[in-house]
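According to TrEMBL, the transmembrane segment annotation covers B:152-173, B:210-234, B:246-268, B:348-367, B:387-415, B:435-453, B:590-612, B:647-673. Annotation source TrEMBL lists domain 'TMC' at B:476-586.
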Amino acid sequence: CPQELTFLTKQEILIAHKRFSELVPKEERDQILSARVPKDKVVTLPELRANPFQHRICRVFSTADVGDDSLSFEDFLDMLSVFSDAATSEIKSHYAFRIFDFDDDGTLDRKDLENLVNCLTGDADGTRLSTSEMDQLIQNILEESDIDKDGTINLSEFQHVISRSPDFASSFKIVL
Amino acid sequence: MDRHWEEETGSKWAAGTWGHQPPSALFHQLPSNATLRFRGDKALAWGAVLGEWAPQGIPQAWGSEGSKEEVAADMETIALQQLPLCMAEKRRHRLQAQKQAGQHTRWQQWQAGQQRLRRKVGSILLHTQLWRSSLTCIEGHFGTGIEAYFNFLRFLVLLNLVGALLIGGFVVAPSITFEALRLNQTERANLTANSPCMGYDPNPRGLVSYFTYVMDLLSGTGFMELTYLFYGYYQNSVVDVVGFSYNISLAYLLAVLCYFLLCLAWIVHRSVHLLKRGLVSEDGALSTYSIKVFAGWDFGLTQPPAAIWKHNSIRYELKLDLEEEASRRAMAQRSPAQRAWLYTLRSLINLLVVALLGVAFYCIYLATEYSQSTLSQQSVAQSKSKAFWELLVSYLPSIVITGANLVVPMAFGVLVRLEQYPFSQEIKLTLVRSVFLRLASLVVLLVSLWMQITCHGQTEAFDCRTCGYNHRHFPCWETRVGQEMYKLLVFDLLTMLLVTLLVEFPRKILVSHGPALLARLWGQQEFLVPANVLDLVYGQTVCWVGASFCPLLPLLNTLKYILLFYLKKLTLFSNCRPGDRTFRASSSNFFFLLVLLLGLAISWVPALYSIFALPPSQACGPFRAEPSMWNAALLAIDGLPELARGFFYFVGSLGFIVPLLLLLCIFLFYLMALADSYSRLVKELKMQLQLEGRDKVFLVNQITELS
């Protein structure tokens, strides 16, 4: 049973099952455990549609071999488990790091941070920060978080910074 | 060779950071960089890494073939949930663990069972939280900052409910049952019936019209005065039925003390885990920018308009912080003359602020004195207008306090802009001043009451000589104090209702259906969290101060806060837009609890002072004819067996308290020295980490060059 493998309660798993089966076309509903939902349908979920990190979330949790970022039911449960109320701060910060690592190279470099800030402020022309502001901001972030001064933020530095923020766990939460 | 390398990389190190990753394929093969260069089920890459990164006892290097035996003993006790892998991998490891299950000792199996039980209980508790769906809905629409306010309100409702049950269960319910069962209550004190201190009869005389009932309900006088609501009604008696003895006065005293201790313990418990993180860092550096960027997005937002608002708010906040930093750098370069002028300006404004506060406090003092002296000489109102006038006079302190709390913070807002502080400091300063105003106005009210009850502290004054307190104006002074607190509570609730109905709803109607100019100038109501929280803390402090004189006050406060929750939720969804500048939920949670603790500390003072120092009224209450309230406890201790009595006397004596204080001081100094050594250690480790980083880059470059 998947209950021991996730932070979700039995009730939450049942709700997740119901919501996932709404995304799956009717023909595949009886084989829901092997069905895969394409990314475009996943981002129509109300919990994800307003999220600027929706594509990164699908990418990180997808176990598809073909790289099309589709989610199976188990991937969906994994995602909900990490975003649940009961998940520990360590696992949340671990997955947050993976979500923010836009180029998937294992560290957050300047380009990743720039992408991250653009996602936060809204990625349209009128809403981005100016170049000088962006540079100053990234400089400040690296000064605060980059302990070994190599110009990038790795997982342990990220987790160290996140541990100082008590409301990270409550903001990194998606409840169906 | 070394010098060549130093020159090449010297400039890069001088800049402090690398401009880009050193161009070496070898770099990407290092274990520390290989952690996340995969996604999905390529968990084999993890195997090499988890050897170094092993939180919470994950065994070394599992996943590689040879070490499955090492996996054995610990697998069951580690929650599989906490492994950052996909489901398929977790299942594989559970199968491995189950193979080893037979080798586990019974201790480990019991541990695993305990963990499962704890998880189940935790999930059940999470689901039965009060108003959980409302809070999630608010969070989805308005973010965690405003949800923090409602969370705080829910906490206060629970706190008051438990307090009400405590006091009700030990004081009110026994009194009611004893009277209902008409049990024989033996009076504990010998009262001289003709003493001048005994003149107390609040029962209304003659024909009482219905509007007097309404006035009495609102001000706690008349028919409401001799009820279980106020202190004066309770008897100083002991009930002795078959083998069961219940001392009402002792129960009252202990219930009040326990209520205060319970509130203190609960609030401290709640704020301890907020204090552990975030505010205590080993080198004093606050990573504000990093936290705002990494923990900035609220993943619970579900509405697209709320998401757009959040984008704007994050951008606004980041821009403001960067601007503030730039202006701070500019300010640091000011000339001494400019700085001197700025400091004189700031001190002048501070004096002005103190003067404003002094004026407000003096008004409150005058209002209280006038109100109390008029009430003491009242006769039964014969006409409606006179009754209304009397109601107004009795509510005069509340009106003045509320008025001062509306007008003076506006003046603060104007003055603080002249002081040219950075924006975030402006907000903090205004907040501190508002908190001081709110709580100090309550203190002034209590002090002016005290001065009237004890004839300005002089026990030899004419009015206070016979009974120790002013028995002519205050035959039952505890009830009078309780009535004042009751009136403050009622007026607070009325004010909130009226403001919502008469200010917020019309504003929304005008702004959305009126002329566009008005909408632009005035704008929609913003839900200001700090101001609302201060209102809550003020109400709770009033409840605490009044709880020792008005046992049903916590219950009334619970009802008031429940009503307030629904009222505020209604006005939030119909009238408000989220604030432009988000309030960081974490620091504000700690700020709320800190101000609440301040309120609790202030409310301890009148309670303890009246228990230990003031003579209780002789005409009413469960402590009549005792020299002090604490005397009831002393008498009870005297009735205990020899050993217990000796223990209590020892604990209360100097011979115990002084060594205890010395021990605590020594412990404090030890902890401070420990913290200092830890922060030095952290600094050294950080330097070492930087050196290791440089070593790594150097070595990788050397290897690339050599190969």
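Cβ atoms here come from the backbone N, Cα and C positions, even for glycine.
Secondary structure counts, DSSP: the domain 'TMC' (B:476-586) has 88 helix, 4 strand, 19 coil. Non-local neighbours of the transmembrane segment (B:435-453) in the same chain are 357, 360-361, 364-365, 368-369, 372-373, 397, 401, 404-405, 408-409, 469-470, 473-474, 477, 480-481, 484, 534, 537-538, 541-542, 545, 595, 598-599, 602, 606, 614; each lies 6+ residues outside the stretch with a CB under 8 Å from one of its CB atoms. Contact between the transmembrane segment (B:387-415) and the transmembrane segment (B:210-234) holds: at least three of their C-beta pairs are under 8 Å, each pair 6 or more apart in sequence. Beyond the ends of the transmembrane segment (B:210-234), by six or more residues, the same chain brings 171-172, 175-176, 200, 202-204, 248-249, 252, 380-381, 384, 387-388, 390-391, 394-395, 476, 478-479, 482-483, 486-487, 490, 548-552, 617, 620-622 to within a C-beta distance below 8 angstroms of the stretch. Averaged over the domain 'TMC' (B:476-586), the predicted model has a pLDDT of 84.
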